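So that you can see what the record holds, here are the features copied from TrEMBL:
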type	residues	note
TRANSMEM	65-85	transmembrane segment
TRANSMEM	91-107	transmembrane segment
TRANSMEM	143-161	transmembrane segment
Amino acid sequence: MANYGTIPTSSSPGSSTKLEYISRAKERIKAGLGTRQPWKVMFNFRSFNFPGTLSDALARVRKNIAYFTMNYAIVVLIILFLSLLWHPVSLIVFIVMGVAWVCLYFLRDEPLVVLGRTIDDRVVMIVLGVLTIFFLLLTHVTWNVLVSLLVGVVLVLIHGVTRKIDDLSLDEETTGLMSSTHAAGAGDGAGPSS
């Protein structure tokens with residue numbers, strides 16, 4: 001009767017390991033999505049105009065891509081997803097490869113080891129990229145994928161050129177674009193001037 005009213009805990013080691021993996025995955029997803037900027041900042045209509053010079057346009061594109069990286073990735077992935085809606089097999093391949101990317105690249109804490117050999121992150125990224133393109137091409141949606149990616153890139157460039165950068169403060173640590181060695185070497189005032 002001493003345990004009456006208490007919540008029983010599981011003593012199996014497998015369940016605690018699974019819970020730790022799930023909580024780590026949730027933390028990494030939140031951290032990744034944490035680099036996303038608010039949509040109302042991205043689409044602040046008072047912050048749009050045409051650049052005066054080509055160098056101003058290039059500076060805008062660079063800073064906007066650095067600042068809105070996660071937003072742009074979400075937009076391109078949504079466009080790609082929508083282009084595959086009428087091709088269910090391709091959509092399934094896209095979702096399966098998305099899960100593979102999340103599990104094998106984004107949520108890993110430790111290096112990937114295959115047959116006793118440690119695989120570099122760049123190799124994992126290249127292999128996953130090639131496999132994703134290969135499997136999507138096998139489903140005969142080459143034009144859908146290319147057109148949707150082209151539409152996504154054009155939309156990103158149009159937004160990047162027309163969105164003023166005066167009100168954006170680029171913090172390398174929050175955008176996650178620069179490694180700590182580059183950020184430390186950049187010193188004060190590392191962001192480009194408007």
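The count begins at 1 with the first shown residue.
Every residue gets a Cβ built from N, Cα and C, even glycine.
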The transmembrane segment (91-107): which same-chain residues, six or more beyond its ends, come within Cβ distance under 8 Å?
24-25, 28-29, 32, 80-81, 84-85, 121, 124-125, 128, 131-132, 135-136, 138-139
Residue list, the transmembrane segment (143-161) vs rest of chain: Cβ under 8 Å, 6 or more residues beyond ends.
42, 50-51, 57, 60-61, 64-65, 68, 72, 75-76, 79-80, 82-84, 87, 90, 133, 136-137
